[in-house]
Every structure is written in structure tokens, then in C-alpha cells.
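Contents: one structure, followed by commentary.
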């Protein structure tokens with residue numbers, strides 16, 4: 001008779017765990033096989049289509065990224081477009097000579113629409129011409145905007161930088177005068193040394209403006225500060241009037257140490273001795 005091997009409770013528990021694990025593993029495998037077998041041909045085809053579409057989309061994105069770095073026009077096409085844009089500009093120049101400034105602007109804008117964006121020097125010329133037209137029309141802010149765009153395309157365009165400085169002098173606001181001062185200094189210290197392209201008369205004119213600008217800038221700053229205070233007072237009187245007060249009830253006291261200002265309430269109530277005679 002075969003000897004019956006005794007099993008301790010610990011061994012019995014361990015065997016029970018192994019049996020359960022084997023059963024669980026078998027069930028999971030059966031479940032996976034069942035899922036695979038349950039896929040009908042249509043579902044399998046749909047899954048393949050989805051995977052194929054994802055790959056095609058990735059390929060499309062790669063092609064788009066390549067197109068972003070590819071020039072929009074061939075060198076020959078760029079050359080032809082520049083020639084066409086310059087012909088349009090020539091028509092604009094004729095209109096400018098005949099004092100038809102608004103019509104000239106339209107032609108220069110058309111030249112910009114024709115000229116490829118990578119042709120920055122040519123585009124700067126068109127923007128500069130638009131600025132010249134706006135000056136003739138006394139649209140000084142628009143002229144500055146046109147000069148800004150020209151200098152974005154060609155920062156060393158001295159003629160346009162000088163033009164922008166002169167326009168900003170005409171505008172005469174604090175920020176405009178500061179910009180004019182910066183442009184004049186840049187022309188004298190950088191462009192004149194590097195390119196030596198300033199006529200003597202232009203250099204003298206710039207130096208004359210630079211000698212006057214500090215005082216003009218200070219005056220413009222003071223003027224704009226007074227205008228701002230006046231506007232605040234008008235607004236303050238509107239609001240304080242609802243409480244029987246006005247800005248005259250307040251004064252600004254300067255802090256000599258910090259240079260800042262604080263607002264102080266003034267008690268304007270008169271005493272009996274200060275009353276008018278009746």
C-alpha cells in the first residue's frame with residue numbers, strides 16, 4: 001500500500017493558492033482567445049482601416065512640415081514677380097509726380113501684394129514710398145506706420161529712418177520726439193560711420209535737431225502731464241460732485257525724499273471770523 005503523505009496546513013494552503021492561480025490564468029487565456037475569435041471579419045477590416053488612416057495622417061503631417069520649409073516660388077518665379085512689382089511701382093511714381101498721392105498709394109500697395117514676402121529690400125522700398133505719400137497728405141501717423149514696416153524689412157534703410165525721424169518731429173508728442181532723437185543718433189553714430197552716405201547738409205540738419213530735442217522733449221513731457229492732470233480733474237469733479245466736493249478740496253504734496261506725490265485733503269471750511277461782511 002502506498003504510503004499516504006501527510007500534508008501540513010501550510011502546505012495545503014500553498015497548494016490551494018497555486019491551484020487558484022492556475023485556474024485564473026487559464027480563464028484569462030480563454031477570455032483572450034474568446035475576444036480574438038469573436039472579432040468578425042468586418043471589425044477586423046475596420047481596425048485595419050483605422051490604423052492605415054493614422055499612418056496616412058502622420059505622412060500628411062510630415063509632408064506639411066516639409067512644405068513649410070520649401071520656398072513658395074522658384075527663383076525664376078521670384079525674378080518675374082519682382083519685375084512685375086517694379087513695373088507697378090513705376091506707375092505709382094508717375095502718379096506721385098502728378099500729385100495723385102492716394103492713387104499712388106494704391107499702386108504701391110498693389111506692388112506689395114505682388115512682391116514675394118522674402119524680397120524684403122524691394123518691399124521696404126514700396127513701404128517707404130507709401131510713407132512719402134502719407135506725408136504729402138499730412139497723414140503723419142500713417143506715414144510713421146509705413147516707415148516702421150519698411151524698417152522691419154530693411155533696418156539699414158537710412159533714407160526711411162531719417163524720414164521717420166522728421167515725421168516724428170512734426171507730430172511733436174513726447175514719445176514721438178524721443179523716437180526722433182533715437183533715430184537721429186542711430187543715423188549719426190552707426191549708419192554714417194558704416195556707410196558714409198549722409199550728405200553734409202543732412203548731417204548738419206540732424207545735429208541741429210539733436211541740439212534742440214532735449215528741451216522739446218522736456219516741454220512735451222510737462223505739457224502732456226498737465227493735460228493728463230486736467231483730464232483727471234475733470235473726471236474727479238464729476239465723481240466728487242455727487243458728494244458736494246471737488247478736486248479743489250485736495251492737493252498733491254511732493255515727497256522730497258522719494259520724489260513721489262501724495263494726495264492731501266484740504267479743510268476749506270471757513271471760521272466765523274473769516275465770513276464776509278453783510
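Residue numbers in this text run from 1 along the chain shown.
Glycine is treated like the rest: Cβ placed from N, Cα and C.
TrEMBL assigns the feature region 'Disordered' to residues 257-278, out of the candidate ranges 235-256, 257-278. Counting same-chain residues at least six beyond the ends of the repeat 'TPR' (85-118), those with a Cβ under 8 angstroms from any Cβ of the stretch are 71-73, 78, 125-127, 129-130, 132-134, 136-137. Long-range contacts of the repeat 'TPR' (124-157) within the same chain: residues 85, 89, 92-93, 96, 99, 101-102, 104-105, 108-109, 111-112, 115, 163-164, 167-168, 170-171, 176, 191, 195, each at least 6 residues beyond the stretch ends and with a Cβ under 8 Å from a Cβ of the stretch. Per-residue pLDDT, averaged across the repeat 'TPR' (124-157), gives 97.
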